[in-house]
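Database features (Swiss-Prot):
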type    : residues                                          : note
BINDING : T60, D135, E195, K225, D229                       : substrate binding site
BINDING : 196-198, N230, 259-264, E282, N317, 338-340, N383 : NAD(+) binding site
Amino acid sequence: MTQFAADKPYIVKDMSLAKWGRIEFDMAEIEMPGLMALREEYKDSQPLKGARIAGSLHMTVQTAILIETLTALGAEVRWASCNIFSTQDHAAAAIAETGVPVFATKGETLEEYWDYADAIFHWPDGETANMILDDGGDATMYLILGEKAENDPSVLNHPKSEEETFLFAQIKKRIAATPGWFAKAKAAIQGVSEETTTGVMRLYQMQKRGELPFPAINVNDSVTKSKFDNRYGCRESLVDAIRRGTDVMMAGKKALVFGYGDVGKGSAESLAGAGARVYVTEIDPICALQACMDGFEVVRAEDVIGEMDIFVTATGNKDILTVDHMRAMKDMAIVCNIGHFDNEIQVESLKNYQWTNVKPQVDLVNFPEGHRIILLSEGRLVNLGNATGHPSFVMSASFTNQTLAQIELWTKGENYTNEVYILPKHLDEKVAALHLDKLGAKLTVLSDEQADYIGVPQHGPFKAEHYRY
C-alpha cells in the first residue's frame, strides 16, 4: 500500500463505470455551449500549454467537460473533488480513463479527502502544479497553511474541528515525508481562480492581512456566475435534492431559508415553486427588504423554529442552525445546507445523539425529547450530496468563466500582483453571449447614434463596472 494517494495514477470508485460517464459527457456537451465554443476558439493557439493545473472542484459530469476543455487548450490537469459527497463516480472513472489523474470517490472519508487534495499538486516527473483552480479554497489553503507549518509546527497543535484534525494530520504527514515541499509548491503557483463565495471570502481575508501569495481571480463575482449559477442553479437543484432524499411533498409545507444572497434567493424561489410557504432570516437590511419585496416573510429563527417543516442554510457563515435550534424543531423536520461548508449546521455536536442511517446521505437524528430530524448530506452541500448539482447549462457559464480566468492568469501573469481580481466586463458579456444561441435569443444592435447617446461602444461593454444587474 502506498503512503500517499499522489503515488497512484488515479483513485476512483469503479473504472467499469467509465462507459456510462462518457455517454453522459456527450449529453452534457450539448448543454454547455460556452465551453464548447472556447474549445473551438482556442484549439489552434493552445493558450494553456505549459500550465499544470491542480483542480479542486466537485467531480461531476459538468466538471468533466471543464477538465476536457482545459486539456483541449493545452493544460495538464490533476483533479480532486472539493466535497466528500459530491463526486459522481461514473464521471470520475471516465476522466481517469482519458489519462487525467483523478482522486475522487463519492463518500470518501475526511482522511482520504485531504490525501487527495495533496495528490493534485504532484506530477510524476517531480514537478508541482503551477496553477490552481479552486472551489471553496481548500487547495489554496492547504499550500499556504502547509508552508506556515514548515516554519512553525505549532500552528497545527490545536485543531478546532474534525475537519481540521484530518487536515493537520495530512500536512504533518507531507512535511515528514518531504521537508520543504510546501514552500517549493507554493512558490511555483502563478495564480488561482476561485469558484465560490466561501473561497472568495478566504482570498479577500488573506489579501487584507497581506498574506495572499499569488494573484487570484474571483470567478464567483462574475455576473454570469453569481447571478446565474448561484441563483438559477439553486432554484433547480435544491428541491430536486430534498425530493430525492426524503420523498416529502413540499406543497403547503413551511420552509425557512437562512440567508437571502444569490444562493438564498434561488433556494427560496425553488421552495416557493414547489408550493412551500417560505420564510427567510437575514442580517442585512437590504437583502431583508429584497425578500419582503419578493413576497417572503422575514423572521427570526427562534420565533418560528417549532413551526417549520424544512430548514435550508445558505449563508456562508458558521453556527447558523445550532443544536438548541434542532432540539426545538417539530418531529421529522428536514434539515439541510446549500452553503459550501458543513459548519453552517452544528453537525459535530449532533454526534452526541442517536443517528439512524436511512440511506446514503440521509440520516435520522433522534433527540431525548422524543422527536427526530431528517438530516441530509450530514450538513454538507445538499444539492450535490443528495442530487447531482446544478444543470449543465448554467454550469457552462460558470466554467466558461473559470477557463477564461485560467487563460488570463497563465498568459498575462505579468499584469497581475498578489491581489484578488474580477474578470473584466467584456469577458463577462462574452460568456453570456456564448449561451444565447442555445436559447434562441437574438440581440438588438445599437445604431451609432444610439451608442453615442448613452456613451457606450456599439458592441459593448454596455454597463459600468459598478452596475449591479
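Each Cβ is built from the backbone N, Cα and C atoms, and glycine gets one as well.
Feature annotations (Swiss-Prot) mapped to structure.
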{"residue": "D135", "record": "substrate binding site", "DSSP class": "coil"}
{"residue": "E195", "record": "substrate binding site", "DSSP class": "coil"}
{"residue": "K225", "record": "substrate binding site", "DSSP class": "helix"}
{"residue": "G259", "record": "NAD(+) binding site", "DSSP class": "coil"}
{"residue": "E282", "record": "NAD(+) binding site", "DSSP class": "coil"}
{"residue": "I338", "record": "NAD(+) binding site", "DSSP class": "coil"}
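Of all the Cβ atoms in the protein chains shown, 20 others lie within 10 Å of the Cβ of G261 (NAD(+) binding site). Within 10 Å of the C-beta atom of V263 (NAD(+) binding site) sit 29 other C-beta atoms, taking all shown protein chains into account. Across the annotated binding residues for substrate (T60, D135, E195, K225, D229), the two most widely spaced Cα atoms sit 17 Å apart.
Applying an 8 A CB threshold to same-chain residues 6+ apart, the list for T196 (NAD(+) binding site) reads D135, G136, N220, H340. For T198 (NAD(+) binding site), the Cβ neighbour count at a 10 Å cut-off comes to 19, with all displayed protein chains included. Of T198, E282, I338, all annotated as binding-site residues, the residue with the shortest Cα distance to T60 (substrate binding site) is I338. Counting other Cβ atoms within 10 Å of each Cβ, the lowest count among the binding-site residues T60, K225 belongs to T60.
Here the Cα atom of G259 (NAD(+) binding site) is found 18 Å from that of K225 (substrate binding site).
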